[in-house]
Amino acid sequence: MEDVEARFAHLLQPIRDLTKNWEVDVAAQLGEYLEELDQICISFDEGKTTMNFIEAALLIQGSACVYSKKVEYLYSLVYQALDFISGKRRAKQLSSVQEDRANGVASSGVPQEAENEFLSLDDFPDSRTNVDLKNDQTPSEVLIIPLLPMALVAPDEMEKNNNPLYSRQGEVLASRKDFRMNTCVPHPRGAFMLEPEGMSPMEPAGVSPMPGTQKDTGRTEEQPMEVSVCRSPVPALGFSQEPGPSPEGPMPLGGGEDEDAEEAVELPEASAPKAALEPKESRSPQQSAALPRRYMLREREGAPEPASCVKETPDPWQSLDPFDSLESKPFKKGRPYSVPPCVEEALGQKRKRKGAAKLQDFHQWYLAAYADHADSRRLRRKGPSFADMEVLYWTHVKEQLETLRKLQRREVAEQWLRPAEEDHLEDSLEDLGAADDFLEPEEYMEPEGADPREAADLDAVPMSLSYEELVRRNVELFIATSQKFVQETELSQRIRDWEDTVQPLLQEQEQHVPFDIHTYGDQLVSRFPQLNEWCPFAELVAGQPAFEVCRSMLASLQLANDYTVEITQQPGLEMAVDTMSLRLLTHQRAHKRFQTYAAPSMAQP
């Protein structure tokens, strides 16, 4: 035992020092243990040869621990070597820079050879070198912070609240300005421009947006241009390619009150009607300064045009702007209609006494108010025009249509029995009473819930059929309807076969005698010829059914537990099959001994 503890001491108590782990030869110990495993023969020899699984587990765990410590030690050595090399090179470069600065030699004049630098293993450089500053060290580089492009400037919260995006539950998901496509300007070539860059999307490619500025470029550049603080967005849909009239030259700029009164630059006339519908978006001075300087010019305020000239006929086929705000239209009050009391009767109310005046039938009133039979075009009169009346109408039509179909089926059955009688559809309508005003043939409309297959079946039935044709038709109909039960029939057949197999077994088990382990133990003891004589178990249960053999086996185990019998078998794994033998030790049963048992203290003297 002491040899084993000394041998695996590093496994029981792991070595904390990384350098001492190199003294452990993991490969040699694993090889020795592998040889021991090869020599061990696992067999059924009553436990003489055993395998120590705890020792194997500790060996594997300890070997992995020692190997990981070796890897960790190598990792730390690599870090130390890299830090030493990089620190030495950094010190050499710093000293050379200071010498060049003291001598006044320009470092950029002589090309230096590019030296190999080691790749840093850390993502974050060591910040301790930037703590100590030297007095004679002056910053040689000036960090220039690049200006963020205007297209990437995040909009303000107030701008986001103007056009929010709601979900079905009413939650605010995002804003229109959160998506780049909504704020980009489409180019005539099909590209989305983050910034216009002097090109108006209303003009084709290669055309200058302001023709007048090309003539007087010198004067235009000399004059100061004002850029609007608020810029209207260009519509994303429905661009017109017709160039509008542009000013012939640069407009004279007004000052004083005109500059204070006008805070936005207007677009040319070609884009003014479409851009006027867009809400104006507020821009910061930084954003407005980044816009191109020749994009828009301030126009002179002209005389207002009359309303008749400005108003144009709207084009019904014009593409709409998905981000445009809809015009508010005045509310038009509809004309109310009262529903007759006999049309819709509420359930659950008390019965009221019928009035003396007989109200008109709803179907007749609806046809008189809704359809015009005299006119061939059947124009609608001033009648109900809302969905509730449609629902009531089609409900009434469905009821009459179902009644009509029942009468048709009854007539068809009577025609089969009495072929001499031939009635038409108009005769069946007389049985409905007031159903003469139902619908004319050209006005018949199949309701939504009607099944066209039923109507097809009624049309397919001839007026008179012979007996053979009728029988053949019924047989074909029965075969067609029984196709859907084929799968259920196969499943029921399998269930019936299973029940036929299981039911006899269940009935046989119900007929068996209830199992009593003491009763079967008494029967097994009575079969022994005498005491202390070995008798095979197969002879004791010879000629009995399988379930009786199982019960006798359980009873013999209980007898062996009570030391009434002794059980033995032949040695060997395969040779011991069906070699069970029993020997009766005593005829006295254990449960009977406990029933008649009396403690010595309770015995009478």
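Positions of Cβ are set from backbone N, Cα and C atoms, glycine also.
Per Swiss-Prot, compositional bias 'Acidic residues' is recorded for 256-266.
Secondary structure from DSSP puts Thr19 (phosphothreonine) in a helix. According to Swiss-Prot, the phosphothreonine annotation covers Thr19, on the basis of a large-scale study or a structure entry.
Residues or ranges marked as phosphoserine in Swiss-Prot: Ser95 (among others). Secondary structure at Ser95 (phosphoserine), taken from DSSP and collapsed to helix, strand or coil, is helix.
The phosphoserine annotation in Swiss-Prot covers Ser200 (among others).
The phosphoserine annotation in Swiss-Prot covers Ser208 (among others), and the record cites a large-scale study or a structure entry as its basis.
Per Swiss-Prot, phosphoserine is recorded for Ser228 (among others).
Residues annotated as phosphoserine in Swiss-Prot, with similarity to another entry given as evidence: Ser232 (among others).
Swiss-Prot lists Ser282 (among others) with the feature phosphoserine.
The annotation phosphoserine is assigned in Swiss-Prot to Ser284 (among others).
Taken from Swiss-Prot, the feature phosphoserine applies to Ser466 (among others), supported by a large-scale study or a structure entry. The number of other Cβ atoms within 10 Å of the Cβ belonging to Ser466 (phosphoserine), over all protein chains shown, comes to 10.
Counting only same-chain residues six or more apart in sequence, none has a Cβ lying under 8 angstroms from the Cβ of Ser492 (phosphoserine). For Ser492 (among others), the entry in Swiss-Prot reads phosphoserine.
Taken from Swiss-Prot, the feature region 'Disordered' applies to 194-331.
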Exercise. Might you list, by sequence position, any residue in that chain lying six or more from Ser95 (phosphoserine) with a Cβ less than 8 Å away from its Cβ?
Key: none
Quiz item: Between Thr19 (phosphothreonine) and Ser466 (phosphoserine), what C-alpha distance do you get in Å?
Solution: 109
Practice problem: Could you tally the C-beta atoms, other than its own, that fall within 10 angstroms of the C-beta of Thr19 (phosphothreonine)? | Solution: 9
